[in-house]
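Q: Here you go, one structure.
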């Protein structure tokens, strides 16, 4: 998501900041800014749009100083405008800060701060921290940051500078932050590429770390002020490898980014006490009688998951269409139909054409989109952004889980708005949704087990994926991932359909991946597993942690944490992504750019 750079040393800070931000452009952004400590005080320049606009503005008013912070922003709270760009400052302009992540409780903090006389100049969640720092600062910048962070809730990487201090202070929780160690200078960045021209000796900060950087050294403590030690490492990555975060492929990096992507998708939107979500939509849920989901590929499976949730939680009739077929079937549409278009890129031509057909017939429109400024964002009435950040790997991973989370948010929003979802059940769902980032982190720890399963089955010529209810789309997505990057033939079916044809394929050579997490249809899924075993099939089960029945039936079991059955696909798809990845690597495939595929399909 956002790019962060900080510098204290002997060089021209402006040059270091702009160079570092350029090296983080691959993360995506819609505005940029820097703050430099000059002899005249702290000076801030920020612009919406590309870095070139910022560089041009800085060129007109050069900032001379050897300490500064810089930021590229991917908008979450507030439009991509100059006032909403970072850095943000205290009202007296003496403290500047940059922030990656989301402060979930910013609205209540903002109301309290305004009641105490603070005046806000932006629409961002970040600015609340600037005002909190104004209250907590009493001469020690690091202590002021620690005290201010006690009030906020959410994911963050924060970097702060003060015009009276020859130091930068920073803190992180969930959002990444790395320290670069130099001689007579030190650096901060959200990712290693920004540091490579200056140093290869780095410290990776951990959750809860708070750091003070001066020219002479680095001091790290926890949020309570207790000293902590972080081991310095030498990175030998090329720039390309650094952009991959040290992972061998973008796809694997993006799989591992899913916990903080979910933080971004959900952050600031959950209102557990009220049992609702804040989506900022102009749409009135009571004016919609039916939904038409229009999407392609991975996005279409997220849409199918959305269909299950919209009908279950909101009692809202929902049709699901592959976008390339939608406009050719002459769909029945009226003014109370909502066309729900889902696309990572916002440029998928079949989705755009399907949306245009629905609008031509009078439908309302809502886009679930990752890429801001895309064609789809301009053609829909309302947008629900998934905030997944740039996805480089052709095979979608983090955008898919973000889309699933967005579908869950939308279903709760419709359910509460239409009076179909009880307060207690909504609160339960929202509490479970808040756990999702941590649960996905737990699943990622299972990678060695998934790699072992991949080793056993990577020579198979065919795979079958089975799932029921909300896990049927998970099966479809698992099969698609395997096909896309390993080139192994894979099919997916609702598990109850197996006996209506696919069962003829089952023999001792066919691995069958079964989504068998706990839920209302668990026992029926066990029966399907027994049917596979009776015909010699090899079962790879995705099961709920603690399930003692599954190991008696399946050759291989990959456990995922227990979660609300309607949210199980968000944790269950992760081992399927890893399985596809590990098999493709074993087969020597080009994981990030598989043959014949494009990231964004812009031709019919």
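We number each residue from 1, going along the chain as drawn.
Every residue gets a Cβ built from N, Cα and C, even glycine.
Feature table excerpt (Swiss-Prot):
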type	residues	note
ACT_SITE	2	active site, nucleophile
ACT_SITE	599	active site, for Fru-6P isomerization activity
DOMAIN	2-216	domain 'Glutamine amidotransferase type-2'
DOMAIN	281-420	domain 'SIS 1'
DOMAIN	453-594	domain 'SIS 2'
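Give me the local environment of each listed feature.
A: A coil conformation is recorded for residue 2 (active site, nucleophile) in the three-state DSSP classification, outside any helix or strand.
In terms of DSSP helix, strand and coil, the domain 'SIS 2' (453-594) has 69 helix, 30 strand, 43 coil.
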Q: Report, as a single number, how many Cβ atoms besides its own are within 10 Å of the Cβ of residue 2 (active site, nucleophile).
A: 26
Q: Report the mean pLDDT of the predicted model across the domain 'SIS 1' (281-420), rounded to a whole number.
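A: Taking every residue of the domain 'SIS 1' (281-420) together, the mean pLDDT is 94.
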